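*Asks:* Taken from TrEMBL, the feature active site applies to Glu327. Summarising the annotation, TrEMBL assigns Zn(2+) binding site to His326, His330, Glu406. If you look up TrEMBL, you'll see 40-224 marked as domain 'CAAX prenyl protease 1 N-terminal'. If you look up TrEMBL, you'll see 227-462 marked as domain 'Peptidase M48'. The feature transmembrane segment is assigned by TrEMBL to 16-36, 76-99, 119-143, 170-188, 194-215, 348-370, 376-401.
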Amino acid sequence: AMALPGDLWAELPAERRIFCSVLLFSWAVYLWEAFLAHRQRRVYRTTTHVPQELGQIMDSETFEKSRLYQLDKSTFSFWSGLYSEVEGTMILLCGGIPFLWKLSGQISGRAGFGPEYEIVQSLVFLLLATLFSAVTGLPWSLYNTFVIEEKHGFNQQTLGFFFKDAIKKFVVTQCILLPVTSLLLYIIKIGGDYFFIYAWLFTLVVSLVLVTIYADYIAPLFDKFIPLPEGELKQQIETMANSIDFPLTKVYVVEGSKRSSHSNAYFYGFFKNKRIVLFDTLLEDYSALNKEPAEGEDGENEETKSKTKNKKQGCKNEEVLAVLGHELGHWKLGHTVKNIIISQMNSFLCFFLFAVLIGQKELFAAFGFYDTQPTLIGLMIIFQFIFSPYNEVLSFCLTVLSRRFEFQADAFAKELGKAKDLYSALIKLNKDNLGFPVSDWIFSMWHYSHPPLLERLQALKDAKQE
């Protein structure tokens, strides 16, 4: 009699079942994502004219530009996603993880650290893994920046700046990642039965410290931050912050235009020490793309001129205030705190489940570790592979929650009397960033952490008419 697939599956050793499940789930997620992206690409291909409801807010030239930009981005995303999935599968099938672990042991052994120095071997492993990831990701990053972003007028970087930036990013990442990982592994090793509580508390402290120092010490390594000069805009920002008791201490403008012409704004800091950061590309008066090249700069003129065609970029002061009203809404309505609480509850749960699963030798055997059970490998297997179904569900729930928060922050800006300015700011930002305002409903539901433009405008329009 022929064996049924279910019987064959039951006869497989536990480690083979775990390994196959991880691979199958990974491909199932990839195919689902590819299916959604295909639906969205069909929207980009077939929606060639401005829909009637968008006639008032988008001209046909901008609509066509954004359609082609998003189509290029989606096609690129398909190929890079396929490469990433195939690479991950090949690494698993060919035993890439145990091979890299063995190689790390040889390297640390040559430096005089034997197998008993597991943390040292773990750090060498981490360094090699991130180096491999950076090198294999480099061609994709180059293509994205210098072909796609360049073609659509967003890239402002030179090749030299790009590589300097990439090396700096890699070094800064290692300076944070390696010490934090070594301490985490040490805590797990000496923590006893309740190590998961100490490990969680440690990661909580690290994330709070990083959030606190990021904009003051890490971000300035990559971009120039200058205090917003005294003037009408600064005064209006301070008045608005005071009106809602936002403890504002400083307002910065960051030179984002050296990197890209996409625009943004955010705030950071804890307790009574909040700062607001505005990208120069968000401000009509500061955007380098709005400035005419000075006389005598002929050497750079051609390139600069070609990139200033999108004039005029950025928002007027009233619109900038409306965008900030939205951002401050996130703070006033407790969205930031709620996100931190959700993230920490999730982190605690993951460490608790890690503590439950770390003793299962089959998990290690499934990925080629038959004789040793290194802690770092355990963290990788459990957090990256075993938790992936849970992570997918959580990610979707957070996307839904994020959309809800965005509507609430828009409503808050509306209460501040900024509905009209936010309405025009959203249209400008969508135009400046070449956002495509038409989307497939499943793709939008699964991926969009911000509600589609039309839905946000409709909610604000109702307010404007009131």
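Yeah, the Cβs are placed from backbone N, Cα and C, and that goes for glycine too.
TrEMBL annotations: computationally assigned, not manually curated.
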*Asks:* With pairs closer than 6 in sequence left out, are the transmembrane segment (348-370) and the transmembrane segment (16-36) joined by 3 or more CB pairs under 8 Å?
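*Replies:* The transmembrane segment (348-370) and the transmembrane segment (16-36): touching, yes.
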*Asks:* For the recorded Zn(2+) site, whose residues are His326, His330, Glu406, find every other residue on that chain with a C-beta no more than 8 angstroms from the centre of their C-beta atoms, and list them by sequence position.
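*Replies:* Going along the sequence, the neighbours appear as Glu327, Gly329, His335, Phe405, Gln408, Ala409, Asp410, Phe412, Ala413.
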*Asks:* Within the chain of Glu327 (active site), which residues six or more apart in sequence place their C-beta under 8 angstroms from its C-beta?
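*Replies:* The list for Glu327 (active site) reads Ala265, Tyr266, Phe267, Ile276, Ala409, given in order along the sequence.
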*Asks:* Taking the Cβ of Glu406 (Zn(2+) binding site) as reference, which residues of that chain separated by at least 6 in sequence fall under 8 Å from it?
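*Replies:* Within the chain, Glu406 (Zn(2+) binding site) has Cβ neighbours under 8 Å at Ser449, His450, Pro451, Arg456.
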*Asks:* For the binding-site residues His326, His330, which one has its C-beta crowded by the most other C-beta atoms within 10 angstroms?
*Replies:* His326
*Asks:* Any chance the transmembrane segment (170-188) and the transmembrane segment (76-99) are in contact, meaning at least three CB pairs closer than 8 A with a sequence separation of 6+?
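*Replies:* Stretch pair does not touch.
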*Asks:* Looking only at the domain 'Peptidase M48' (227-462), what is the mean pLDDT?
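*Replies:* For the domain 'Peptidase M48' (227-462), the model's average pLDDT rounds to 87.
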*Asks:* Hey, which bits of the same chain come close to the transmembrane segment (194-215), Cβ under 8 Å, at least six residues off its ends?
*Replies:* 176, 180, 183-184, 187-188, 225, 252, 268-270, 275, 277, 343-344, 347-348, 351-352, 354-355
